[in-house]
Amino acid sequence: MASIIIGSQWGDEGKGKLVDILSQQFDVVARCQGGANAGHTIVVDGKKIALHLIPSGILNEKASCILGNGMVIHLPTFFKEVQGLQDKGINYKGRLFVSDRAHLVFDLHQMIDAMKEAELSNGTSNDSIGTTKRGIGPCYSSKASRGGLRVCDLYSPEHFRKTFTRLVENKHKRFGSFEYDVEAELKRYQEFAEMLKPFVIDSVYYLNQAFKDGKKVLIEGAQSTMLDLDFGCYPYVTSSASSVGGACTGLGISPNKVVTQIGVVKAYTTKVGSGPFPTEQNDHVGDSLRKAGSEFGTTTGRPRRIGWLDAVVLRYTSMINDFTRLNLTKLDVLSDFEEIKIGVDYKYKGETIKSFPASLETLAQCEVVYESFPGWKCDLSHVTEYDQLPIQAKNYIKRIEELVGVPIVYIGVGVERKNLIERKELI
């Protein structure tokens, strides 16, 4: 059977750390959607390992790792990460695989991404989406319009050449003249095809066979539910299904196989890019949280937007994903605050609303209702058991559980693997 780890906010919740730790209990770790717009940073023995494509479970040398069919893969980035693993002495051979059905992100897609952002912003950031400019949206657009290329197409040279040439021609028609050496790119991808061969498998068959063999599969979600193409704050979303449904379409598995849904929740809220953010704090509180939590994007390096925890968002994402347990991360970052707040409800025109609104105009007019909590003003990094937490921290955790209706089983109190409290009695 399978378990899935999903972000419950706007990304950057700390999913990679939990995947790294829990992967020790699984035979297979798989990513189902997204591409190099994901950024997971894992700290092991004081050393940082940043991954954008390869699942965080690669650090478990007993687990196979899959880049699933729902992903979009930029091969230069993939090979750079593989080299990084090799340089760090991490064994990946024979256990890192790429789906033959995954779509390819070309440098062309990244160029188009940047041009579209510039087109939207028109010199300002008011209308831009705030993408990572990694070519993710344009690649998914090529996929949806049936003009993209998949990993398996690398091994059909004539088809690859014809489709790739047509793809470039179509982009020239849309964006005008821009420099792009088609022949050089085709030659480069001929070389990539040979380099990639040892990694390519039919991942759909592989995963379903793994289930038949009684193996345990951990699905590593990328981005987050509030960036989901359907359920996020459209159009300020990613281009894939980053909620639980994406696991089935992005891996080719039955919903019945997914039995545990773990929502990862940062103890406050962060966001990269444009779009609404109801609990955002553009003041000394936001600045202090950003500094204490080192809130800068793994993929972009941009300073993240900061706000208090939003329980309305958490109830919404929990409803969509049917979370069975939560992982509360970065609780230690709140240790310096005298007062901590949670946004518990939204009011629209004076009335409390029951659900997260689809309309961004409605959302912009919502007033956040806050509850305040006393801080604990002490270092939590040494805490290894729930009972060792100060009462103020326990009360904060308890209130989140009450507001969302899901138990918090894992609590992060630092960046290292060892800084994770596990409430085993709740599992």
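Cβ atoms here come from the backbone N, Cα and C positions, even for glycine.
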Next item on the list: Check Swiss-Prot for me: it has ASP12, GLU13, GLY14, LYS15, ASN37, ALA38, GLY39, HIS40, THR132, ARG146, GLN223, ARG302 binding IMP, so pick out which one of THR163, THR238 it puts in that same site.
Entry: THR238
Note to self: Among residues ASP12, GLU13, GLY14, LYS15, ASN37, ALA38, GLY39, HIS40, THR132, ARG146, GLN223, THR238, ARG302 annotated as binding IMP, what is the maximum Cα-Cα distance? Answer in Å.
What the structure shows: 34
Notebook entry, point to check: Do any of ASN37, HIS40, THR132, ARG304 (recorded positions) have a CA within 10 A of GLY14 (GTP binding site), and if so which?
Noted result: HIS40
Note to self: Of GLY11, ASN37, THR132, VAL413, which is closest to THR300 (substrate binding site) if I measure between C-alpha atoms? They're all binding-site residues.
What the structure shows: THR132
Item checked: Cβ atoms near ASP12 (Mg(2+) binding site) (within 10 Å, other residues, all chains) -> 29
